[in-house]
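Noted in TrEMBL for the protein shown:
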- 15-85: region 'Disordered' (REGION)
- 15-27: compositional bias 'Polar residues' (COMPBIAS)
- 28-39: compositional bias 'Low complexity' (COMPBIAS)
- HIS292, HIS341, HIS406, HIS587: Fe cation binding site (BINDING)
Amino acid sequence: MDGFSSTFLSTLSQHPKSLLSPNYSPNTSSSLTLKVTSVRIEERPQTTTTTIRTKPQEKPTPPSKQTPKRELPVKPIPSRKPQEPSFPSVIFNAFDDFINTFIDPPLRSSVDPRYVLSNNFAPVDELPPTDCEIVEGSLPPCLDGAYIRNGPNPQYLPRGPYHLFDGDGMLHSIRISQGKATLCSRYVKTYKYTIEREVGSPVIPNVFSGFNGLTASAARGAITAARAIAGQFNPTNGIGLANTSLALFGGKLFAHGESDLPYAVKLARDGDIITLGRHDFDGNLIMSMTAHPKIDPETNEAFAFRYGPMPPFLSYFRVEPNGTKTPDVPIFSMTRPSFLHDFAITKKYAIFSDIQIGMNPIELITGGSPMGTDSGKIPRIGVIPRYAKDESEMRWFDVPGFNIIHAINAWDEDGGNTIVLVAPNILSVEHTLERMEMIHACVEKVKIDLKTGMVSRHPVSTRNLDFGVINPAYVGKKNKYVYAAIGDPMPKVTGVAKLDVSVAETDRRDCIVACRLFGEGCFGGEPFFVAKNPNNPEADEDDGYVVSYVHNEKTGESRFLVMDAKSPSLDIVAAVKLPRRVPYGFHGLFVRENDLTKL
């Protein structure tokens, strides 16, 4: 989710009770001297004197000679020791504090860290592999492997504005083997994370909250450029957070954040998470890629794209099963930059959504974010053959009022003459970045007749749903079931709803056929479906389990839940008590044991 607002940096490289100290103010001095012992209840905050906890038997990161080709290895990070800030850091941090106090203080709740980082949104320290207790039921044998979820977890408390989408990527992995579970939480060791850890304070500004208004943008941009000139960081090495999602393709497991290249990661045998390095596909991928590549389960190809503030605003490509990236297909018919977070594929086509969120210079001039909504823009859907070598066959269809951030699935009908897309439509798109608690997303089914150009839509469910997932074996082909997170309101998730999108074709009734609410004070995240028998083509589409992390804000306890996807109420099959809380995050992935061993 950290992609589009990194305009400035990409160009260089080309509610609740606060858990923060009640004495916190934007003009607090740099992170080197800031005392924030009230950030977390169950663990001390990560300050400049914190060391990463490791096991004595923990294996070191493999030497660089074992690093896969074209991956930019991450320099080993020493234990953090008390250090005096360098003179340039003192100067730059002083300027940062001046901007955060007098030019752009965090006045709005959407960028006020005391609000954004409250309750279970507050960051946690790294956790080495730690045994978990199974408190209900038992873990099914088909779950041998690891469920890994990504999300923002700032290494340092922000000195100024902070948006929920900002924050260093942290992976929370529960490794399951023979009915036992182990939890591990590690930062993705991005270039940004590594540099800031060495310096001892933030260096690269937050992209979603650091550039509000012309004055603040110019001031922070100047300081960022000065830091680069002073040698504090090199923007050509990447400025991304890798905090959004994970994907397994080309024989590698990647952590994604769409303002940068993906970072390859792997799991050690003991469940520890190791960052292998920034991956550029043998030099064929520059700048960035989507955090939501689509993997065809039959061909094992990965389809992806990148977008940005300069033409071409959209470029489409794919990655072969052996990890080879194909040349970009620039889409020049995307005439202005748009927020393209996700897309969909069918067996014949790739489908993009040009929505009302994008670059908004007027907002920037009036003191807002460079990203905003354009109410006068008509959303549209773009369709291109998925093996296209140029954009000559790209077609755009106007779909007024259809604004999607996430796509669920798409497929072909009528011999490829009709495309069906299922996705949550954001009914109040103007609140997407500023007031997420006011967002309501209605899952819709859209049909595009490629012969006539006619587009029809109807709601699948009117409940507030997002983060919809399916059985991964049905990506790109007609599916029946969807498992979606219930927002009440977003970004908090109160439960999981199972939809049967095959109903409502004629009577337009709500498609929810099963539901599991987590209970009062309990909130989860994106669900994920794991099939019982993934290699059985005769298995029912919903024969499997739905998994998710769930946190109880009353007790402070987090659990890993396993739910029966076939049951009418998504019955809990197993509940694992986690050794410490897992903050709310974004997207996850289940990787089976046989795939983990190949990484």
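Backbone N, Cα and C define each Cβ position, glycine as well.
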What residues, ordered by sequence, lie under 8 A Cβ-to-Cβ from HIS587 (Fe cation binding site) and sit at least six positions away in the same chain?
ARG149, ASN150, THR244, SER245, LEU246, ALA291, HIS292, PHE467, GLU526
Over all shown protein chains, what is the count of other CB atoms within 10 A of the CB belonging to HIS341 (Fe cation binding site)?
21
If you draw a 10 Å sphere on the Cβ of HIS406 (Fe cation binding site), how many other Cβ atoms land inside?
21
For a quick check of packing: other C-beta atoms within 10 Å of the C-beta of HIS292 (Fe cation binding site), how many?
21
